[in-house]
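Visitor: Residues or ranges marked as compositional bias 'Basic residues' by TrEMBL: 954-967. Sequence annotations record features per position, and here TrEMBL assigns region 'Disordered' to 948-967. Under the heading repeat 'WD', TrEMBL lists 372-413, 520-561, 773-809.
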Amino acid sequence: MEISEDKQANVINEFNNFTDALKKFGKLVETTVIQKKEERLGIYVKNEDTIDYEKFHESILELFGPEIKSQDVKSFYRKLSNNPDVPVDWCEIFGYFLSEEDALASQLDEENLVFLVSRKQRIGLAGGWKRDVVKCLVKIPQLDFLIIATQKGSITVFNSQMRAQANINVTDTSWITGCDYLPQLKRIVAVTERTIIIWDYKAQGSSQDNCFVIKPMDHCLLCVCVVPMTDHLCRDDILMGDDGGFVNRFTLNSDDFGLKKSKNKKKMQSQILDSKNFKNIKRKLHNDWVMKIKYIQPLNCFGSCSLDSIHSFVLESLKRLEDNMPVREFSMPRGANTFVYCIKANVIVTGGDDKILRLWHPNISTKPVGKLVGHMFSITELVTNEKDQHVISLSSAKVFRVWDIQTLSLLQVFHDSQGGPGDMQIYAMIFDYNHGMLVTGSSVIDMYPLTRMIQDTKQIPHSHDRDINVMVYNRTFHQLLTICSESIIKFSFFMETILMMEYQVWELETGHQIYQIFDPHGSSIEVTTAAIDKSGFVLATGAYNGTLKLWDFGSGQEMKVLVEGKDWKEDDHWLHQLTFLATKEKNHFLILALEYNGRIKLVQGKEEDPLLAVIWELPEVVPIFIQGKKVIPLTVSSKPKTMNIPIPEVELEPNENEPVVLNINPGISMEVTCFDVLIMEGYNMIAAATVNGIIILWNFVLCTVTELHRPEDALILDPDLDPERLKVNAMLFLFRSSDCVRKISEESITSSAQSDSTHGLQSNKKFKQLTAWRGHALKIVNVIYVEDKQVVLTSSVDGSVRIWHARNGHYCGYFGQRRTFELNEVTDFILPCDVNEYPVEVKEESKYTEKKQRYEYPLVFDRDKWRKMSSFSLLFRRPIPKPFDVNQEFKFFKSLSSPKIRRNVLESTMTGNREAGVIFGSLPIYRVPSPTSLRFLPLIGADAHKESSENFQGKKKGGRILHSQSRRRSLRKSLAPEVNLTSAFFPVIQK
């Protein structure tokens, strides 16, 4: 009775809390509605209590918890902003407006399956024995290779492309039961029924000569694992379980195998070592076979499972193996065949012959925290996908089940239907985190890829059916707008072709489409540009016929329009670029528009006027710059059409407004192609660029127009060159306030510092390339960098909009795919199907690294060094060397030095010699001028003696130079053979 009363009190308490949250939610909605109504009337004054989207979202999370979806909050807030009088229901904030049919269809869709079984890959065992099976699989993520051990003694190391790198066939009568990798000794350990095998897979020579066999063992070894020990070098500890219920801790040192002395030997002789010479600590923890053993590093404990119903699973530290203290035991009927630990969820999952998956907390051994039921046969293997929080279980009937560890729900069931139950029993299973793949081992190796890996790498990214013209990002609501042209061919009694325009709005965090509008400017009218105001509520679109429209971004309703003029020529008023200007008045819009003919005009939209109107145009100044002027003065119009606008209406001075006669080719284009606006305190500028590369700056503070840059061949028309080779496609002001100091951190890619000289305009800044990658196979239309998400958005004429990680260029997905984006930093590296080039990162050398000394080769003989050394005549005063004596005089080698670097440019000519072959026949030949100060090397042998004797006879006269014939013969014998090496090093120089 007391328990039921407590439950009833808890239910009443929860009901009261939820009721209070609903009341607070009603007050929040009421306050937001009043604020939106006052904003529409233009009477609202912003203060600290102003409710924007960020504050509204935080209030919702405080009331109902973090489980509320951001997309539902955005839809609810947008609904209030668009129409404050619309009735709302509190259920909408929880997203209950979705139908069950859509959710069911989404679950049954193949793209939402965890593993794509239809893309399974199968690899046969390399060599080995007939009727052999894989007994153990070990993945080494640090080295990205896979170790496969078969039952009959074959151990193979596979690389990331699943190609065999090393293999050994153990000549042992016992079967292999397990294997692992020794990280300190850099070896592979495998256990058989009675022995331990240590194999050096990297050593050259015969594989049989590179392994050690440790035996005998007291019991039959059934499993093995390595204990990571980073504090001990040249030492590894392994844990082994046997058929007697013992857990053994075996210590392996490099000195035990003579690994330090093996470098001097050509081959490491195969040796059989006695197990009694190794440190072995063991303790009986189970009353039956130890089926699996693992060391769980986050818990600093080892776990072992057995078929024992009482001591089914043991979780304890390594110290308990050395004493008889009680250990943590988990009991379950019929024992446990396997177990796995989930790091994020902090639970241990066990499975056995009772067909039930049990979830245990590491510190609670009395009762499991959850159960998963569904298997019809004994559970043999368990693995986890930590990234997605999935547990994959395998039964003896080769049935796989994928579970969500957070919701305890079943996600997928699939069956390996190839082969009979006994012929291809699966003995081992792992999950490869590096490649997103489930690997199983039987008589073959099967690999099941994750659906998202296949979807991202094999499926063609498709966001639109036609080329994408425009991509704009709404930074307020974190949404993306894309516009494309779509050709639809309808077949009826006759064939009809219709050009249909549409624009779509996407959610950045999920990549899902929110809504789309067909033919926004009318039938067969192409939309060429778009822009979003700073608040994020108003969208402007421009078409090729010159029409401009304003839209409500949240609802997609048309607000105002600039109609087409009667005298407008086709394509003459094609809109290229739109930019919103900030205004102080409510519902007052100012838009700068760039036309195809190069004119920049200001479009105004007032609240009381349903139509947009052009109030002024910037005068044409490019022809005046071509005449030779660098600065053109401006005057503010005395009769402006509109007052209080950010950019004043300007005109050319009377002397500059005369007709301009140009002496250039009329085929040269001078239209403005792009512009950017900078309106801040002290700055009021427009920078524009033309199709021939001329950059001009409008300064409305100084009332001047300045030509900043003109290419040398800007006014040259060459039919052999591309006329748009100098075209500037986009430009951007780089500006930060003078008191803004950007801190260098890991969250930011760019950095800037305070500059007193430029007062905000960052000049003389060097740009350094960090990363480059290929994003599309075809032309890229637009690129957007989202700083808060650290992602890059790209759109192309191939009809796809893709999202990438900004730091490393990793592919996240495309807009329009079924699965949700994963914008967090991930380890899975994938590429779209039409891209096969990896990103290139440019690494800069650290300025703190010491520069190593560089040597120049080859060395040449230096005559000056030779003269500075001892006299050549001392050579004749030395005694006759005895046999096998080494002459310690290395004067010749001390006279060698590096060659002088040539400063002149070498002349080169192409040989074009076909007889020399394809490679050498096309290599350039460099013509090097002959040296003028180069002399011969000293002659070695008899010629050297002869030349030296003649020199001494010419300089000095006396009996000291005369020597006997025996003296000459002995000297000739002690010198080198009579060879002149000068011609081998230097060409002959004509005197």
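The backbone N, Cα and C atoms fix where each Cβ goes, glycine too.
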Visitor: On average, what pLDDT score does this prediction assign to the repeat 'WD' (372-413)?
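Guide: Averaged over the repeat 'WD' (372-413), the predicted model reaches a pLDDT of 91.
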Visitor: What does the DSSP secondary structure composition of the repeat 'WD' (372-413) look like, as residue counts for helix, strand and coil?
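Guide: Here the numbers are 0 helix, 26 strand, 16 coil.
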Visitor: What is the number of residues in the repeat 'WD' (520-561) that are helix, strand and coil, as DSSP sees it?
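Guide: Counts, helix then strand then coil: 0 helix, 21 strand, 21 coil.
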Visitor: Which residue counts does DSSP give the repeat 'WD' (773-809) for helix, strand and coil?
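Guide: The breakdown for the repeat 'WD' (773-809) reads 0 helix, 18 strand, 19 coil.
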